[in-house]
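Q: Checked Swiss-Prot, it gives:
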type     : residues  : note
REGION   : 1-68      : region 'Disordered'
REGION   : 127-152   : region 'Disordered'
COMPBIAS : 131-141   : compositional bias 'Basic residues'
REPEAT   : 221-239   : repeat 'Cryptic repeat -1'
REPEAT   : 256-273   : repeat 'Cryptic repeat 0'
REPEAT   : 289-322   : repeat 'Core repeat 1'
REPEAT   : 425-458   : repeat 'Core repeat 5'
REPEAT   : 560-593   : repeat 'Core repeat 9'
REPEAT   : 628-661   : repeat 'Core repeat 11'
REPEAT   : 782-828   : repeat 'HEAT 2'
REPEAT   : 832-865   : repeat 'Core repeat 17'
REPEAT   : 900-933   : repeat 'Core repeat 19'
REPEAT   : 918-961   : repeat 'HEAT 4'
REPEAT   : 934-967   : repeat 'Core repeat 20'
REPEAT   : 1002-1034 : repeat 'Core repeat 22'
REGION   : 1136-1364 : region 'Acidic activation domain'
MOTIF    : 1222-1225 : motif 'Nuclear localization signal NLS1'
REGION   : 1250-1286 : region 'Disordered'
MOTIF    : 1305-1308 : motif 'Nuclear localization signal NLS3'
């Protein structure tokens, strides 16, 4: 903190000769040290003044006797002093000059807003100096020039500006002139010298001893030396460093220059000397402090006293009171640490025993400036605030746990009734405002300005509270009152944008936006939205100024885009991150092989500066010694707290892998989130407990830990798993599903609280509650469902299932609230149906999509010719808002300039990442058609999938390689690329095609078939399991290819390896039957067969094995589940068939085995186009007979002739529709929400770094893509709750970067809190999506399904023969 000094010396100061001020003046960053033999000997060290008012002296007196002075000081508690007061106090008789403290001090002073100091304090403290009037004439005589105006030096002749000269005290001018030449010769600037002139003694010390300082502190910068020297007694602190720096650099502390400067700057000369004198005692037993802890304690006002108190009280507080050494250090590491520790010793038992606070909360209160006073105030006011005002102890602790906690508590006691009754705030809002540094002033300012800001400026009370609920809230509110009209009228910002800036960057950011917005927009090409994004963070002012300075350099010299510069700057610490990127980008790219995009990804987080520096230091170690890839290192670093996560991975990776059996990929997955450090440490501690005592698997523990807040989620699972399972009937897998998201802790606690209410009072099932909770923001979604479910159902006509569908996404809360608000408008004014509104809302970012539909639907329909159904189709995806806006912008260009049809544009836009796909089509369509020979339709086909952007870019890059080097045709490349995960599939084909063909004997067509259906994961699994399945299990390569050539091929192959012996040896199936089931119904069908054969369900008990196999091949698990649950209209159909069909032919049962053989033949055929003709020969069937067989199993003649069989679930839907047991499936854009269970694995992390591919996900991380021959394992009636929570980690998470929440089959999306800009799927997203059984993959067969004719009576009879003869179908035929 900058010291407060009167520019007019008091009589006491004038007495001091020559250099005495350096030794005598009280220092603001340490206790004052009077000269030996002075009249203050023996008195407590004087600290800076407090905001606590002191009584006025009885009468003004020009001087006190020594005795009366001592008496006065005894009444004055040094611990009450608060340096924040002094920062804002103007000097007596002179204009106030703003100080320029160091960054940390500036932040502290900015956050500690203090009351204006009472005059009586100044009188008492100033007058209370020892009487030294007699020596004054000697000083005046010795320095007559000081008082003579004629003697003042005109420093402008030395290059000082008028403003700089005004900052230099008149009496210091001659000293500045005397040392100017020497200081400039040492490299100090005029600004440096002006800052040093605050403490004139430092001018001479630095001028004379600079070379010695650099020798002792070789890394010290000019700013470091000025930062120490400008403090009171700064010259003595610099001289102390010269004396002891060498020894402090050595054992036991081994401090670096930065630490030494920090101690000298903040703790002063006494702290430097105390650290030197006590270094062995502090680091040795029993204290055993680390060097960092010693620096933390010493680097504060009163650091010397705090060190001495730690030596004395640390053993007592730890042994007698149960604190940890880290907690003691935390308390001591603030101004007033000594007093806080002593008060902690005295009040900890009282606050814990009498008031029920846990020790952690007491430590939190004490660990701030003014901790002593805060503890005493909590003891006094806790009962009053809780009993009389209804606050909870946690709220009282939250208010007290900040600088100025005492004053904030007292102000809450005084103003809570007023703010609630007169201004309509809630107690929670009052607590939120008070729970920051400067809470007192913020509360008082809210009381004063709330009416003005709401009535005159149109803000809401919530917005006023948001602005006030930060450090510096008072100043921010006052600045909003002053600048809101200017920023809105003159600069075009909205009130919401002004509120966003004020609620984060505060006063300084608002003023800087006013000043720099025109410059950044006009001269640098930024948009107002980008300027607002940069400003809306702590340090927004500095970030804006740095963008103005470095944007041209970073773009022109380093090749970054303005958007990347904005991304780096739009975080807390943006200034430092930008400067570090400028410094380290060349090093990280040239020496370490990172790409600029990866460097930007690392820098674009809180703590980006530190993360970049740590990557530079640890990348070689983590890659060479620990076997990580650069991509993995980047993934870990590209989160808030990346520095700490990297250091923890370096430390714990060997332990977690060797002692706990984790893989490096799992360690990386845990570390690659905000809070990765804490999550890794918690996994090390709790993994054995959760696995042994609670029965979780290692994979489940990793799933929980691999999210933001993983530490808290693990601890909550340990605590609540028994309760939720025993008392509430959840399964461990459901508990894991809830916990495996950002905010898992809060979601689990809310489920515990609301599950009984939602089930009993609102009629939800536990599965539905779990589905809602199993997303980011699950807590808020559950609470909103409790509040809005009755309203949405009764007033708006939605069903319970629709409300659950909307809520079961990240941002569910906001989506529900928006549906409540916009449903009437969209239906009445825009003609949408409630089902369409639900479809739009039932995705991540549903709120934004609904609002955009309301805004753009008329424009898109009237001006661009879209139908409402097409608008709904585009909006009904993650990123729907951005896709709609991009369609509005690019539709004319794509149609007029590039010749696309409106339907093609809609097809491209109607996927996750539609915005980016459209933009990429605009950019690459000419290149791909002209340079690579693709047709326009082929480009559209590639783009019309999730990840279309990345697939198009990969086709541009790899098409020549795959065709020229590997012999693929362009059509084959397009076929592989035209699926979700196309990018990764193409890259895997390039890598594995030679291996699979040369080493495993597959043909090129077979590799293409696997890649075009099962994708990257299926190709890798075939490489791994083909020898095992052929040699150990007797399958042929064609059969392995048939199983792999489906969505989920990886999981199907692994399940065949696991279950083939069981099904053949224990249950009597043949290998061919197992292959038929696996190649039609996949993993889920195989597991359903095993479950039925092991534990027969009554509904299927009457079926023979051949019947079961046929049913599984016919419709997979959905068919078996549907039969178990009872098929609608089946009894009526059976009666009708019984009446109309006479004697049944005896060959029908044989037909089922034949169906299985035919389906297996087609699935295993290496050339599907020839399968139909060869099947006629193979099975001795006529063309018509084979077509009829396929009709019975839901395949059209066109599909059969082409060998392209639809997924089993699609065939089953056709069968049910053709038989009349199920209504035609409504259009997803007009009737109901697309099945949520069908996308349960994909879009969990699309909200991160959405508009640019994230370098952290460029590794091998894709899943089996959802493909043209894909399957869905959903039940035919929609997503069953049971399916929504099946944990599938072992099959799906085979790559390190898959978002852990994808292991749970659940509704899609993860836009927590309603992201403003979800959009681009990055490589990992596309990779993981490939493990999903997405029903939309059946889109190529949709038209055929709609036209599939109804069964005739013979075909109905055949179907009824396949179904059970009794039970769920209710009769026989």
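Using N, Cα and C of the backbone, Cβ positions are placed for all residues, glycine too.
I'd like to know what surrounds each of these features in this structure.
A: Predicted-model confidence for the repeat 'Cryptic repeat -1' (221-239) is 95, expressed as mean pLDDT.
Sequence-distant contacts of the repeat 'Core repeat 9' (560-593) (same chain, at least 6 residues past either end, Cβ-Cβ under 8 Å): 524-526, 530, 533-534, 536-540, 542-547, 550-551, 553-554, 599-600, 603-609, 612-613, 615-616, 619-620, 630, 1251-1252.
Residues of the same chain lying 6 or more positions beyond the ends of the repeat 'Core repeat 11' (628-661) and with a Cβ under 8 Å from any Cβ of it are 592-594, 598, 601-602, 604-608, 610-615, 618-619, 621-622, 667-668, 671-677, 680-681, 683-684, 687-688, 698, 1249, 1254-1259, 1296-1297.
The helix, strand and coil residue counts that DSSP assigns across the repeat 'Core repeat 17' (832-865) are 25 helix, 0 strand, 9 coil.
Across the repeat 'Core repeat 22' (1002-1034), the DSSP tally of helix, strand and coil residues reads 25 helix, 0 strand, 8 coil.
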Q: Which numbers of helix, strand and coil residues does DSSP report for the repeat 'HEAT 4' (918-961)?
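A: So the counts come to 35 helix, 0 strand, 9 coil.
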Q: For the repeat 'Core repeat 5' (425-458), find every same-chain residue at least 6 residues outside the stretch whose CB is under 8 Å from a CB in it, and list them.
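A: Beyond its ends, the repeat 'Core repeat 5' (425-458) has Cβ neighbours at 111-115, 389-391, 395, 398-399, 401-405, 407-412, 415-416, 418-419, 464-465, 468-474, 477-478, 480-481, 484-485, 495.
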Q: By DSSP, how many residues in the repeat 'Core repeat 9' (560-593) are helix, how many strand, and how many coil?
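A: Going by DSSP assignments, the repeat 'Core repeat 9' (560-593) contains 25 helix, 0 strand, 9 coil.
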Q: With DSSP, how much of the repeat 'Core repeat 1' (289-322) is helix, how much strand and how much coil, in residues?
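A: The counts are 25 helix, 0 strand, 9 coil.
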Q: What are the DSSP helix, strand and coil residue counts for the repeat 'Core repeat 5' (425-458)?
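A: Final tally across the stretch: 25 helix, 0 strand, 9 coil.
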Q: In the same chain, which residue numbers or ranges, 6 or more beyond the ends of the repeat 'Core repeat 1' (289-322), come under 8 angstroms Cβ to Cβ?
A: 1, 28-31, 45, 47-48, 83, 252-255, 259, 262-263, 265-268, 270-275, 278-279, 281-283, 328-329, 332-338, 341-342, 344-345, 348-349, 359
Q: By DSSP, what is the split of the repeat 'Cryptic repeat 0' (256-273) into helix, strand and coil residues?
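A: Secondary-structure breakdown of the repeat 'Cryptic repeat 0' (256-273): 17 helix, 0 strand, 1 coil.
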Q: I'd like the per-state residue tally for the repeat 'Cryptic repeat -1' (221-239) from DSSP, helix first, then strand, then coil.
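A: Breakdown, helix to coil: 14 helix, 0 strand, 5 coil.
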